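According to TrEMBL, the protein has these features:
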- E95: active site, proton donor/acceptor (ACT_SITE)
- C129: active site, acyl-thioester intermediate (ACT_SITE)
- H264: active site, proton donor/acceptor (ACT_SITE)
- S221, K269, K273: CoA binding site (BINDING)
- 13-186: domain 'Hydroxymethylglutaryl-coenzyme A synthase N-terminal' (DOMAIN)
- 188-470: domain 'Hydroxymethylglutaryl-coenzyme A synthase C-terminal' (DOMAIN)
Amino acid sequence: MPGSAQISYMGPWPKDVGIIALELYFPSEFVDQAELEQYDGVAAGKYTVGLGQARMGFCSDREDINSLCLTVVQRLMERNGLSYDSIGRLEVGTETIIDKSKSVKTVIMQLFEDCGNTDVEGIDTTNACYGGTAALFNAVNWVESSSWDGRYALVVAGDIAVYATGSARPTGGAGAVAMLVGPNAPLAFERGLRGTHMQHAYDFYKPDLMSEYPVVDGKLSIECYLSALDRCYSVYRNKIHTQWQREGSDKRFSLEDFGFLVFHSPYCKLVQKSVARLMLNDFLNHPNPNTETGPFTGLDAFRDVKPEETYFDRDVEKAFMKASADLFERKTKTSLLVSNQNGNMYTPSVYGCLASVIAEHSPSQLAGQRIGVFSYGSGFAASLYSLRVTQDHTPGSALDKLVSSLSDLGVRLDSRKKVAPAVFSDSMKLREDTHHLASYVPRGSVEDLFPGTWYLTRVDEKHRREYSRRPLDDDLPAEPELVCLGAAAQVGVQLRIKEVIYLLLCYVHTGHLAHDNHTGLLLPNASACPPPTAGRGLVRNLD
């Protein structure tokens, strides 16, 4: 089991509370942004260069916010060998609302039924793309509080980002992330180092509860994002200066004190502009910047600019984009792998960027680094905080396991299926036409989903949703209990044990053995067995 959350929790403040394990899910299909440019009849490069996007993942009507979160939670639990009774808090951050009362968290609780664990705090948290970060802060606060009972917290952030036909549609995407939170974490929160800014604005909102589409004021949204970044960085910088002064240091904080910087990424180009924006902040905050040599070379003309007047100043943007180019390459560019290839995931977006940094570096390259994380949600809410990576990068360490778990991220992105823009457009139209319908059976292909993906099987006349899970191995029979989440969901090791017993019963029943291509062994031949259907299958009898 990763990390080392202890059952005995009485004593000093838990040490190094943070992210122990991280799992990311994205849809199995994508549309190419260059092809989408042609299909939409816009200038070449509008999406690929102007936005910095290469591909955009999307969901058919077979997936919704519940299925995304079920998939990523079960994947994290299985890959880390975790028992569901080791979780004491579960909170979901999402803005993809399909029910105004029932939380996504309560749907996920069906995965906990077999272990009998119902003592799990937390519900859903919503504010545009910021909900996942709020849930993460709550999880960390829980572990560091008198309420903590020694178990892990689990944070889930998931969304389906879709837009009406038009200029905003290529900034969509979909996905979910699950993060295991506890003490002795390889990515520990730096206590007291968090800058937050909250303000009222109608930059992006969803007033029509019958539609998945938001109302967006694009220009205002960019202004809100950049102004929040300015203010969060100022607060963070003041707090770290205060800490350093207590320790007897008069060092001045700058972007170079971050090993890596990750941002909420609506589209990649905005992230690059954000790095430039932070450099502008460093430049204006410095009492005597060197404009002859170093990163601020040639920037004298901008010494007296007012930040609030520069959000759309092309001269300032161009100068600081150029000045920060090296810093962007070293500290941020690798964070954009998932964003560039899958698009904006809303609440999981910034954590997809964090996962990308981990996936693109070795444990030794990450060890000891400070990672700055900027999270933004329209409306608007934002925070800038930092994680400190553990120094222990030895084989088998918590950091080594975390890096190893995400090392297949690029391969998984490349394994997706590309679809034509016309097919993507048809899928979006189907979602639009069937959103929130009752008595509905989805039409999307189950076979196109990744193995182990949960999917929607039907919505009944009372809007109750039922789900099933595509088998991890298509050669194995599906269990009847998995067809509808109204029955107890079978998970992880329990599923595998049943599969083994099922094969043994097959042998007893038929006496047949067959060569298994995956293992090279002679195993009981499942194809010779009666199918495990309700009422007569062998697996049914195991319960």
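Each Cβ is built from the backbone N, Cα and C atoms, and glycine gets one as well.
Remember, it's a predicted structure, so these values are computed and weren't measured experimentally.
Cβ proximity to the CoA site centre (mean Cβ of S221, K269, K273, cutoff 8 Å) flags the following additional same-chain residues: I222, Y225, L226, P266, Y267, L270, V271, S274. Counting in whole angstrom, E95 (active site, proton donor/acceptor) lies 7 from C129 (active site, acyl-thioester intermediate) by their C-alpha atoms.
H264 (active site, proton donor/acceptor) is 8 Å away from the residue listed as 'active site, acyl-thioester intermediate' when you measure Cα to Cα. Cβ-based neighbour count (10 Å, all protein chains) for K273 (CoA binding site) stands at 21. In the shown protein chains, 22 other C-beta atoms lie within 10 A of the C-beta of S221 (CoA binding site). For the pair formed by H264 (active site, proton donor/acceptor) and K273 (CoA binding site), distance between Cα atoms is given as 12 Å, rounded to the nearest Å. Within 10 Å of the C-beta atom of H264 (active site, proton donor/acceptor) sit 32 other C-beta atoms, taking all shown protein chains into account. Along the domain 'Hydroxymethylglutaryl-coenzyme A synthase C-terminal' (188-470), the predicted structure has mean pLDDT 96. The maximal spread of the CoA binding site, taken as the longest Cα to Cα distance among S221, K269, K273, is 14 Å.
The recorded positions listed here are E95, C129, K269; among them, C129 has the most other Cβ atoms within 10 Å of its own Cβ.
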